[in-house]
Amino acid sequence: MLRNGSLRQSLRTLDSFSLAPEDVLKTAIKTVEDYEGDNIDSNGEIKITRDAKEEVVNKVSIPQLYRYTTTLEKLLLFIGTLVAVITGAGLPLMSILQGKVSQAFINEQIVINNNGSTFLPTGQNYTKTDFEHDVMNVVWSYAAMTVGMWAAGQITVTCYLYVAEQMNNRLRREFVKSILRQEISWFDTNHSGTLATKLFDNLERVKEGTGDKIGMAFQYLSQFITGFIVAFTHSWQLTLVMLAVTPIQALCGFAIAKSMSTFAIRETLRYAKAGKVVEETISSIRTVVSLNGLRYELERYSTAVEEAKKAGVLKGLFLGISFGAMQASNFISFALAFYIGVGWVHDGSLNFGDMLTTFSSVMMGSMALGLAGPQLAVLGTAQGAASGIYEVLDRKPVIDSSSKAGRKDMKIKGDITVENVHFTYPSRPDVPILRGMNLRVNAGQTVALVGSSGCGKSTIISLLLRYYDVLKGKITIDGVDVRDINLEFLRKNVAVVSQEPALFNCTIEENISLGKEGITREEMVAACKMANAEKFIKTLPNGYNTLVGDRGTQLSGGQKQRIAIARALVRNPKILLLDEATSALDAESEGIVQQALDKAAKGRTTIIIAHRLSTIRNADLIISCKNGQVVEVGDHRALMAQQGLYYDLVTAQTFTDAVDSAAEGKFSRENSVARQTSEHEGLSRQASEMDDIMNRVRSSTIGSITNGPVIDEKEERIGKDALSRLKQELEENNAQKTNLFEILYHARPHALSLFIGMSTATIGGFIYPTYSVFFTSFMNVFAGNPADFLSQGHFWALMFLVLAAAQGICSFLMTFFMGIASESLTRDLRNKLFRNVLSQHIGFFDSPQNASGKISTRLATDVPNLRTAIDFRFSTVITTLVSMVAGIGLAFFYGWQMALLIIAILPIVAFGQYLRGRRFTGKNVKSASEFADSGKIAIEAIENVRTVQALAREDTFYENFCEKLDIPHKEAIKEAFIQGLSYGCASSVLYLLNTCAYRMGLALIITDPPTMQPMRVLRVMYAITISTSTLGFATSYFPEYAKATFAGGIIFGMLRKISKIDSLSLAGEKKKLYGKVIFKNVRFAYPERPEIEILKGLSFSVEPGQTLALVGPSGCGKSTVVALLERFYDTLGGEIFIDGSEIKTLNPEHTRSQIAIVSQEPTLFDCSIAENIIYGLDPSSVTMAQVEEAARLANIHNFIAELPEGFETRVGDRGTQLSGGQKQRIAIARALVRNPKILLLDEATSALDTESEKVVQEALDRAREGRTCIVIAHRLNTVMNADCIAVVSNGTIIEKGTHTQLMSEKGAYYKLTQKQMTEKK
């Protein structure tokens, strides 16, 4: 085969090993994703600090990278590498055959031109027999290489993929196991989101970087070395000449990788800011909507994606320059080699065959060097990604929950001693929490800890569970330092129930079973009865088999708390820790649960932390804490007699406890209004969500969302299941798979860029057919008139400079302008989609289909997937189509018989390309489904690691994780063999084409010499093969396009959704509110649980300036009233009026600007305290003095002032740097600074200690003056002064009136107050 065959082979090799430049882009993006979350400054801006840069380049060594492989796997790596090296060496050796067959065709053409004389100009006698012999030798060599390349592809890919999967499987298991054994202080600085990224993304990078691409890197390096050896041995002079251009080509190859890496990092880091906005906004959507923060979040997001777009355009610019330069340098090297080579052939110092062999070998070797760069970059990426993984794997926890060390032989009685304990949280070492704490609890005693927020009460529980170790002093149990007790043994003998319980996304039965191994059904039912949970569980459609949802969102707050209490009681622990265990229960439930807890406390040591003093008045010992120290100790009677801190706390509570319950569908629990439907539906939706997330994680590497290869029934079923889930998701979004025309329609604002890119791509499509004409014309010079040899040879050599200019310009323009169009489309769709999402009603977010993780995935991954449909890959498709049509036309012009043969063989080549795409497709579709369940388990365990460790269930979650990995791991091993088989086939079909084409060409020349002369055969062959050599570049587009059609269907479907309540709409009446509220026969059911009606004809009215208090049991509909007033939902029946206007006629945004809400569990944002207080307001309209005054009213100013950074202190993600009471007071300040006309208080003071509550309640009482206030509260002292108290039961009001009136009526309200007065006495 002639010289251009080696170039074509190089181009094919580029495609065959999936080294298209877009893969370099993917690799570069993956290099930085893991680090983006750690490089956000105090303003939420992305920064690249010195440490961040060092982290990015920190890599493990190659031996360390493979340290989790067995001896057998290392042997397979060696075999795979050896075959790859041999294969790489064989490719340049093929150039020798190309030189020989080229010389044979030239010789035969010379004989024909000499009118049958068999003597060549060199004097050699060259007969037909010689010609047949030379060509058939090459044909048989090609046939051998067809088989050899199939076997080589099979061995190399299978070995590497098998080893990569085995190693990755071990790493996944060990990584999760290592995470779960780390101490809690480590999690304070290593957020679950970052760990999840490492689990999914980093491990995928390691898998990719240790898989078949490394084999390809060895093959390219071998090809590079061998290529130059062959070149120097055939013509060292021409080799040196070509080396003048080769560095440029190699430089271009590395420039592509470098520019892609650099700008992909910039783009990804800039979008990290946007992704953070999305996650924070969607996960806290009720808070954002109620505070009118939507436009602020849209602006933040728009700014971030605009920055990402600019980085993407710069990426396209440098990519275009690099592509253009590389393509142009190829043709420049042709021109230089041919121009000089012609002279040497003319002088007799070089023959044509050696010239082409040298040229082919140098081109093949130099291109291999450039192609090895991206592959080695993938290895470098894996080394960098593995660094973060191995850092966790190698880290020895300070407190190792899996350690077997420590005493297990002791029979715990429950004596607890805290001796001179000093402690600060590692994440805030400058803020001391405990300052010499001393206390003693005797076995069997019930001890209560009371004090203001931040005094260190909950810290004692954390230290008892050994979440942390003390800095000074010690804590002992039965005289043994807790540090000397086996950790698992300790935690299995201690049970804790916290204020905000963590439930797992499984059934109620499975959640309770986590409390005790081997629990019987009888024990579970008994525990649920004690926790007052049995009754409500029986009312659920699936009883104990009811799925509780992500974080228990299918249950109300009180229901979640009772499940958590039951989970603790089944353990029958020696030590029971109750941290606000009944704070979320209504009075009726709390009374029963408290009795159960009182019974449970008998015979065991119990430590109670409670703001409601009625829950601790019967404690054996009450310990008052202040500023991290114990200030007084005694029982209730003794401490009341002392009239100290405890006395002050008690007297501040007129009534001690609850009337009401934790509201159904809590406002602050962002997804809590999602209701239980059925177990099957819940499972399918949750699986669908994880499928989507995992699919997006995997599809960010390579591949498409289509079926995998059909090998057997089981594999076919898995592929179909994955596709059916995707189709189901499209159906759930009322969408259909999109197409190119719809994508182009959405890109029409950028029509000019598209026109320039597509036009230059069309022009570029004629370059390769023109190249085939120029090249065969150059070859024909060697068989033509010797007198014109030199001039004609130089002429056609210089014509390649024309191609160089055309190719360079076209490559640059189409890459750059298609990049502009695609990046602009990405920006537009991200902004449109985010705006559309934020304009949806709250019921939209209650659906698991629209969980924050899914929406984040849509914006972060699906939109970029859509972009790939019209980026530079699309321009290569246009170029390829034009090139193929023009090339086939030329082939038929030169010789239709030969053209028909080659075209007949092309489907086999296309099938090979299909197998390659199919290979990647199957891999990614399976990844979407196979790892879904395991990923869900891992993420949930990591996010709730405190609960997991407190339950001593690390092994349970680890085993569940491993169990879910088994089937996908086995499928991946099978897939390694299938991929090797298909890859070997794809790698060999092109050699089969050459075998058949040269054999038929020889037959045509012999049988029909007048029509099919050697040069006509070559013109036909090169017209098609050169023109179709770009097919390899184009094939990388179609897997991406398949992803784009699925992603686009979902995205465009979402964009077509019109919200029932558009929070961003300008429509509706904008009136100044005075505060009159009327509910008239309102009926309502949550969208996710339409069969359960919450409000059943609720009616009431509140005059301007009045305060209405709503009390009643859990699930009666109190918090639903708040949600409807905020117009999170619309009623199913009845009407709601504000100042005489039906709420549906009012502009939602304007109305909410005059309403403020404070909920039980406030949501704070990861910004400063001041920014949290003024969130949703125009910063220019609020002075710092107003902020400080609001903080004073909320009794938080002094605390803020004592912080090192004051109001500029960042509160952490969801306010994690603050205690519950501190977060609540900031939320109250946030409400007060708004000066609302209507104030909604949903358990506004429930999280506050009594001392703080007294001051805050006074502030709220003052804040109520002159405005309408609707209060939901457990503590009756917060509602007794209300103008009207309404008792809600089963969705209706059963009695209402003032405190005095209701007390005189001696109804439901009276009974509750009497109960509390009895406790008070």
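Glycine too: its Cβ is placed from the backbone N, Cα and C atoms.
Per Swiss-Prot, these features apply:
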- Gly451, Ser452, Ser453, Gly454, Cys455, Gly456, Lys457, Ser458: ATP 1 binding site (BINDING)
- Gly1112, Pro1113, Ser1114, Gly1115, Cys1116, Gly1117, Lys1118, Ser1119: ATP 2 binding site (BINDING)
- 77-381: domain 'ABC transmembrane type-1 1' (DOMAIN)
- 416-652: domain 'ABC transporter 1' (DOMAIN)
- 754-1043: domain 'ABC transmembrane type-1 2' (DOMAIN)
- 1077-1315: domain 'ABC transporter 2' (DOMAIN)
- Asn115: N-linked glycosylation site (CARBOHYD)
- Asn125: N-linked glycosylation site (CARBOHYD)
- Asn190: N-linked glycosylation site (CARBOHYD)
- Asn850: N-linked glycosylation site (CARBOHYD)
- 1-77: topological domain 'Cytoplasmic' (TOPO_DOM)
- 371-753: topological domain 'Cytoplasmic' (TOPO_DOM)
- 1038-1321: topological domain 'Cytoplasmic' (TOPO_DOM)
- 78-98: transmembrane segment (TRANSMEM)
- 144-164: transmembrane segment (TRANSMEM)
- 213-233: transmembrane segment (TRANSMEM)
- 240-260: transmembrane segment (TRANSMEM)
- 321-341: transmembrane segment (TRANSMEM)
- 350-370: transmembrane segment (TRANSMEM)
- 754-774: transmembrane segment (TRANSMEM)
- 798-818: transmembrane segment (TRANSMEM)
- 874-894: transmembrane segment (TRANSMEM)
- 895-915: transmembrane segment (TRANSMEM)
- 978-998: transmembrane segment (TRANSMEM)
- 1017-1037: transmembrane segment (TRANSMEM)
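213-233 is the stretch from 144-164, 213-233, 321-341, 754-774 with the greatest number of Cβ pairs below 8 Å to the transmembrane segment (78-98). On the backbone, the CA of Asn115 (N-linked glycosylation site) and the CA of Gly454 (ATP 1 binding site) stand 105 Å apart. DSSP classifies Asn125 (N-linked glycosylation site) as strand under the three-state reduction. Nonlocal intrachain contacts for the transmembrane segment (144-164), taken as residues 6+ away from its ends with a CB within less than 8 angstroms of a stretch CB, comprise 69, 73, 76-77, 79-80, 83-84, 86-87, 90, 94, 207-208, 210-216, 219, 973, 975-977, 979-981, 983-989, 991-992, 995.
Gly456 (ATP 1 binding site) counts 24 other C-beta atoms within 10 Å of its own C-beta, drawing on all protein chains shown. The listed stretches are 213-233, 321-341, 350-370, 754-774, 978-998; of these, 754-774 has the most Cβ pairs under 8 Å to the transmembrane segment (874-894). A Cβ distance under 8 Å defines the sequence-distant neighbours of the transmembrane segment (754-774), meaning residues of its chain 6+ beyond its ends; these are 4, 331, 744, 747, 796, 799-800, 803, 806-807, 809-811, 813-818, 820-821, 870, 875-876, 878-883, 885-887, 890, 1019, 1022-1023, 1026-1027, 1029-1030. The two recorded residues, Gly454 (ATP 1 binding site) and Gly1115 (ATP 2 binding site), have Cα atoms 31 Å apart. Neighbour counts were taken as the number of other C-beta atoms within 10 angstroms of each residue's C-beta; across the recorded positions Asn190, Ser453, Asn850, the minimum falls on Asn190. Per-site Cβ counts within 10 Å over the recorded positions Asn125, Ser452, Ser458 peak at Ser452. Around the Cβ of Gly451 (ATP 1 binding site), the number of neighbouring Cβ atoms within 10 Å comes to 25. Summed and averaged per residue, pLDDT over the topological domain 'Cytoplasmic' (1038-1321) gives 84. Around Cys455 (ATP 1 binding site), the C-beta neighbours below 8 angstroms that are at least 6 residues distant in the chain are Cys625, Lys626, Asn627, Gly628.
Asn125 (N-linked glycosylation site) has Gly1117 as its nearest neighbour among the binding-site residues Gly451, Gly1112, Pro1113, Gly1117, going by CA to CA distance.
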